[in-house]
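Lifted from TrEMBL, the feature list:
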- 50-62: disulfide bond (DISULFID)
- 57-75: disulfide bond (DISULFID)
- 69-84: disulfide bond (DISULFID)
- 125-204: domain 'Ig-like' (DOMAIN)
């Protein structure tokens, strides 16, 4: 795209120079450059006036192609919501909707994963795979334990030592409902009951 705009800039500069000089045959050259400029412009926006990533509405408005069939009237005349695919067989939701996990609720697909809670469903998290009940280590060893939880939305796993904070030297991760705790250079004062806790918007 950058090369195209450079060419347009070049043609425009030549055009301006010819308008000033108006030497013999300048008019003929000017027309040729105009045709080139017009061709380059159409290669960018297309013959209908919209860019390649845009859909032209019936009212000539241009909207992003990703906005087509998303249940929103982006064109203003509903033309971006016509000739859409039929609803999936056996689904309560239409092709452009996301099916929530319960309550037979459908929301626009564009609302999915937008950091806002649109579905009213959800389940409290449950620990499905707890850490081992006992782990024996030597002084200086590294403690690595895992914990997995399920729930809707996906819960975050946090860790406690004797129902308080784990030692500052420990680091933890929580990805996809699975948490891992890593504590290096274990010492006597680090011993105790390590437990995991799962949290989401429905509770813990």
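Keep in mind that glycine also has a Cβ here, set from the backbone N, Cα and C atoms.
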Task: List the residues of the same chain that sit at least 6 positions away from residue 75 (disulfide bond) in sequence and have their Cβ under 8 Å from its Cβ, in sequence order, or write 'none'.
output: 57, 58, 59, 61, 63, 81
Query: Cα distance, residue 62 (disulfide bond) to residue 84 (disulfide bond), nearest Å?
result: 18
Task: Under 8 Å Cβ to Cβ from residue 50 (disulfide bond), same chain, six or more residues apart: give me those in sequence order, or none if nothing qualifies.
output: 56, 62
Field: Fewest Cβ neighbours within 10 Å, where candidates are the disulfide-bonded residues 57, 62, 69, 84
entry: 84
